[in-house]
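Novice: Got a structure here, written out as structure tokens. Questions coming.
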Amino acid sequence: MVEGGIAKADKTEFTECWRTSWRTPYIMRLALSAGIGGLLFGYDTGVISGALLYIREDFESVDKSTLMQETIVSMAVAGAIIGAALGGWITDALGRKKSILIADFLFLVGAIVMAVSPAPWVIIVGRIFVGLGVGMASMTSPLYISESSPARIRGALVSTNNLLITGGQFLSYLINLAFTKAPGTWRWMLGVAGVPAIVQFVLMLSLPESPRWLYRKDKVEEARAIFEKIYSAEEVEDEMRALKESVEAEKAEEMAIGESSMIGKVKKAWGNDVVRRGLYAGITVQVAQQFVGINTVMYYSPTIVQFAGFASNKTALALSLVTSGLNTVGSIISMVFVDRYGRRKLMIISMFGIITSLVVLAGVFFQASANAPGISKIESSHFGGNATCLGYMKAEDASSWNCMTCLTSDCAYCSNGADKFSPGACLASGNDIRSVCRAEHRTWYTNGCPSKVGFLAVILLGLYIISFSPGMGTVPWILNSEIYPLRYRGIGGGIAAVSNWVSNLIVSETFLSLTEALGSAGTFLLFAGFSFIGLIAIYFLVPETKGLQFEEVEKLLQKGYKPTSKKKKSPKDDASD
């Protein structure tokens, strides 16, 4: 690689990953065992979307409070912010392996607490514990895999972590569907997360620490022993030599500036040109990943499906399973192409697809709202005066009300008995009235209205997911596992992960409130605007790291990155063509 250029990766394709793993199964064992943290991460992300539907049915205080619903969802994110912040320090101080073990313990405690919760506040406590584990796993698992992987297949192997995240989300929807008729519904849904946590804990006990972390702690022979299981004899020497140069340079820098507190380390990291430029890129992609709105889809997917007019909990969960399955497919696509076409290109293509899907989705929700069934005075009075929505009874313009007006007035809509698209009843929201409505074989709506274009919203959600997953779903974690110098990798990854979770918290805590204030169409249009800003930021701030050794990434950042700079080939590149 020459100044301003990026070396061409040698056979960095998906098939090379499987070929290398077949020859050296130890590599895949490391990746899959650590990747269970991704499975837990994904399961927790997906399971709450279905569990929330049944928590609302068990606790009326939750059903009547948008804030309480947002809090139950987002407290895991709040815990993840703390977990990611602590994870950056723990991974550097205690090692990557111990960080994963601690995350598993927190997952297990949180799952048990949620499963036995007698009240909503106990669910929230359990969500915080799970969030702590999620936050640690979100940055430690890909870091462990990255540091235990050959550079030529590093992207594909780190993608296994994201594949397991999306696989965990898909599994959560299957579990949700499996327990829809079981006593305790949501308790089983939330409690099952403890099983894979136990499995990973046992598996990780038999695996070594990250070789790069061991070398950093002067355990050179232990690091060499692990490299010998991963690389050929010639590659081991090259890897050890490159690592030695990098660590010696870092230790010389430490001797010059001395040891410091966590805050001091963060300040010094920010003062380092290479780390700061890495953080520009790492934080940009993590914030952009959240503000495209992905976790509103993952946390509230069944609710969004209900916005589109599918009122049944089971139907909403089944349709959400389709979008979750597409997310898993997208992760496989990423594994195939991330080391062939590069990180930057996949993210830019992904953002174009996301923006297009969100704009069209907003249009569909606008049409669904504008053409919602009207409210019939006869239908509303059919259930008795005490059952009719108070706001509708007092409204001077009651004749202009439709289903959406009824729902935005904190009431519920009971469909017409003969034809759900004909004018129906606007009723007070309550479990007793809901039971009366359903007893007449009518459909009870609280989140959305009957719509003839609702199926288009589900299709567009699928297109949105398949646009997001291969690029913005996977690549931000890959990029953050490889863009920082070794000494700052835990701190840098922790800062970027915290930025991801803070953004996640903002989005998840405000989504339902935004839909109440702006409507579904306005909310998705807002996310499209955020996505466009993210696309611009990625274009100007994020370099390509495909196929580069960690030391080469560091040299690339030392020079500074400009999107208009032309790539040059070195003699080494020509030899690899």
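For all residues, glycine too, the Cβ spot is worked out from N, Cα and C.
Summarising the annotation, TrEMBL assigns domain 'Major facilitator superfamily (MFS) profile' to 30-546. The annotation transmembrane segment is assigned in TrEMBL to 30-55, 67-87, 99-116, 122-145, 157-179, 185-207, 346-366, 453-479, 491-512, 524-542.
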Novice: At least three Cβ pairs under 8 Å linking the transmembrane segment (453-479) and the transmembrane segment (67-87), pairs spaced 6 or more in sequence?
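Specialist: Output no: the transmembrane segment (453-479) is apart from the transmembrane segment (67-87).
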Novice: Mean pLDDT for the domain 'Major facilitator superfamily (MFS) profile' (30-546), as a whole number?
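Specialist: Summarising the domain 'Major facilitator superfamily (MFS) profile' (30-546) by its mean pLDDT gives 85.
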Novice: Do any residues, 6 or more residues outside the transmembrane segment (30-55), come within under 8 Å Cβ-to-Cβ of it, and if so which ones?
Specialist: 21, 62, 69, 72-73, 76, 100, 103-104, 107, 120, 123, 127, 130-131, 133-134, 137-138, 140-142, 144-145, 148-149, 157, 160-173, 175-177, 180, 185-186, 189-190, 192-193, 196-197, 199-200, 203-204, 207, 295, 298-303, 313, 316-317, 320, 324
Novice: So, does the transmembrane segment (185-207) come close enough to the transmembrane segment (67-87) to give 3+ Cβ pairs below 8 Å, pairs being at least 6 apart in sequence?
Specialist: no
Novice: Which listed stretch (122-145, 157-179, 491-512) has the most C-beta pairs under 8 A with the transmembrane segment (185-207)?
Specialist: 157-179
Novice: Out of 99-116, 157-179, 491-512, what stretch is closest in contact terms to the transmembrane segment (122-145), meaning most Cβ pairs under 8 angstroms?
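Specialist: Counting Cβ pairs under 8 Å, the winner is 99-116.
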